[in-house]
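Peer 1: What Swiss-Prot records for H567, H571, C669, H673 is Zn(2+) binding site, and it gives sequence analysis as the kind of evidence.
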Amino acid sequence: MKQLTSAQVRQMWLDFWKSKDHAIEPSANLVPVNDPTLLWINSGVATLKKYFDGSVIPENPRITNAQKAIRTNDIENVGKTARHHTMFEMLGNFSVGDYFRDDAIKWGFELLTSPEWFDLPKDKLYMTYYPDDKDSYNRWIECGVDPSHLIPIEDNFWEIGAGPSGPDTEIFFDRGEDFDPDHIGVRLLAEDIENDRYIEIWNIVLSQFNADPAVPRSEYKELPHKNIDTGAGLERLVAVMQGAKTNFETDLFMPIIREIEKLSGKTYDQDGDNMSFKVIADHIRSLSFAIGDGALPGNEGRGYVLRRLLRRAVMHGRRLGINEPFLYKLVPTVGKIMESYYPEVLEKQDFIEKIVKREEETFARTIDAGSNMLDQLLADLKAADKDTLEGKDIFRLYDTYGFPVELTEELAEDAGFKIDHQGFQAAMKEQQERARANVVKGGSMGMQNETLSNITEKSTFNYEKEALDSSLSVIIADNKRIEAVSEGQVLLVFSETPFYAEMGGQVADHGLIKNDKGDTVARVTDVQKAPNGQALHTVDVLGSLSVGTTYHLEIDHERRNRVMKNHTATHLLHAALHNVIGNHATQAGSLNEVEFLRFDFTHFEAVTPEELRQIEEEVNQQIWKAIPVTTIETDLDTAKEMGAMALFGEKYGKNVRVVSIGDYSVELCGGTHLKNTSEIGIFKIVKEEGIGSGTRRILAVTSKEAFEAYRQEEDILKEIATTLKAPQMNQVANKVASLQDQLHKLQKENAELKEKAAAVAAGDIFKDVKEVNGLRYIASQVEVADAGALRTFADKWKQKDYSDVLVLVASIGKKVNVLVASKSKDIHAGNLIKALAPIVSGRGGGKPDMAMAGGSDASAIKDLIAAVAENL
């Protein structure tokens, strides 16, 4: 067996499949593009769905890749097991309607066992297969596999909802009896017992059926094109090749672990408890790659995942004695390890470090708040003479403050308390169920559309013409090809078309189709790309259409022109964003419509009004310079040498289209554009907002719509000026400032009057002192405008020795507000309010001397006041 580095293993995989005529598909971004069913790219096949469902036909039906992926469903196992990771690489080879079972198994065995390639010992390999899949069993036997190494497993059938499915055969590497202390042997595989002896290194999915959840598996229809979909975990394969005890002892992780040793002063012991080292090493890989691919920490979606990973890593750093920001210092090491295939981490190192460090610094403040909460919880337990920290509180520490359960348990035990593991798991399960309920349903590859996939007639798009004559090649109605049509809605393919198919964020052209007499026979309402690249025109039929006949196609010129204004302006906006807020502001989505443009980009905070002003001004400067817009077609390498910006998540072929706006903007783009920036007229930003963690959106308008937006603002300003009786609009600001000054004076006077009134009221309330069990208390309902007035009462109460305890209740709007203050060491205000608040259907808490609660049942206020004595 060869000793190979991780880079060599990855490259050997790609080289082998390239030798079998596979095209190497570059690794896609971790953030999915145009796939709402996925939070992350989570497998090697995730980016190839379009090929397997037939919506796009690949240039080469044989594909191989090394794809970075993120999965966080087993985050709690990371660091505990030898092979769980949040970020990993999946090596794959794929056949889209080309070779099938025979070649997949034969070539797979060759790659693993040939001395030219991985050279793994044949007697160390075991395979599982679906019991009904006798063909796979026979292929393995033909390869020379011992029958005792072939294990039938009922679960070896791959399907996720509707779409491609089929049996799979998994390959395992036997690491020997050192990893099988109970000497169970192959039964570990046959009975699916969790173990470290038999390591799954590869899964070959034989996709031959269109799964239909409505029928039994035996009734699944055969796919028109059978596929191969495989996945081999790089980390596991490297661990096998390097003879490592766990994945973490390979060259993918050990350099990171060595850096953690330097930062912590602790030593990694392969045979000891190294969970914190492993968690940090794993999580910083995920953070580095995800942030580099445009995701940013936040409170929802993938941003929440990153924040959780970072906080978990920070807490494990603290367990190692690292109490200052340190994760950002590991980013260069991650970049160097992966540089040979993933240079993007080092290329974006400064930005990634900045985001990680900033998030660490923010979390440092949160940790203090969480520590204070834990201290309070433990103090409350002690006061209540309880010995167990409740599961819901452990979960709140975990979910809100990022405290790992192990750390909470350790701190609680140090203080003499146990923790409620069962309650924590119940709270965790509730959250997971809520998360699953919020996930967009989907994820299967979709049913193959054979009719569209089988369109082979050539069709070209003519950028230069807005009208032309062209022969009708294909008519599709109700998913069937027909020769003629005279009514309804159908799909058409022409040999040549001036109609732009929706793509790259630009909406499709609309227009008319006419016969040789000039009569309109169809209205084009949409244009989309067919699997083989043809333009599919969706039309409302108004006359007679027949295959083989030539028709006159003309687009809606005004619509196209308005869309082009917005598309060219989008390129200017993208460049301006880079210049004003930084190169990290990469495109995360765009829409070039008729009436507006929408641009999504990665950024970690709201764009300030001043920055928006600069961006808007810079775009308009480029418009007024009347810069020519040029387009050329060239190969991808030449385009990169020109400095062309490749858009986020896009895949490009060998030949690309480069759109240049002078030297201000150079982008790869297949859309339609103006000839000169001056044609845009004017550009105006109408809105900037956050649409998700780390993603901002700008909505803007151009030309006529921009003029109308400015006119609308002017009309509003005139109306305000009239209301304020300002003769000139430039006097509006001064008038508003004057009104604000008057308002502040009135508010101050009002506050002073309230304070005087409160003092008078307090004098009456503080006279009503009662006593129980030797404690003097005041309990009263008061009439106040807001909860702040309750605190004012409490402040006055503290100034003199009126009583030991104060309880005030106020009904404000639809809410009941309760305040408890205590001067007695025997009465904890926070505990007392927890007992009283439920009476008014509320909840609350606080410190020993002051606590507040909110409720909703005003009818129970008298009951709450009466209950004060019972709880003292």
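Every residue number used here counts from 1 along the chain in the order it is shown.
Keep in mind that glycine also has a Cβ here, set from the backbone N, Cα and C atoms.
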Peer 1: Relative to the mean position of the Cβ atoms of H567, H571, C669, H673, the recorded Zn(2+) site, which additional same-chain residues have Cβ within 8 Å?
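Peer 2: After dropping the recorded site residues, what remains is Q506, M564, T568, T570, N592, V629, V659, E667, G671, T672.
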Peer 1: Would you mind listing, in sequence order, the residues at least six apart from H571 (Zn(2+) binding site) in the same chain with a Cβ closer than 8 Å to its Cβ?
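Peer 2: Counting only residues 6 or more apart in sequence, the Cβ neighbours of H571 (Zn(2+) binding site) under 8 Å are V659, I661, S665, E667, C669, H673.
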Peer 1: Over all shown protein chains, what is the count of other CB atoms within 10 A of the CB belonging to H567 (Zn(2+) binding site)?
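Peer 2: I count 26 other Cβ atoms within 10 Å of it.
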Peer 1: Let me know how many other Cβ atoms fall within 10 Å of the Cβ of H673 (Zn(2+) binding site).
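Peer 2: So the Cβ neighbour count for H673 (Zn(2+) binding site) comes to 24.
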Peer 1: Near C669 (Zn(2+) binding site), how many other Cβ atoms are within 10 Å of its Cβ?
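Peer 2: Excluding its own Cβ, C669 (Zn(2+) binding site) sees 26 Cβ atoms within 10 Å.
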Peer 1: Could you tell me which three-state DSSP class H673 (Zn(2+) binding site) falls into?
Peer 2: coil
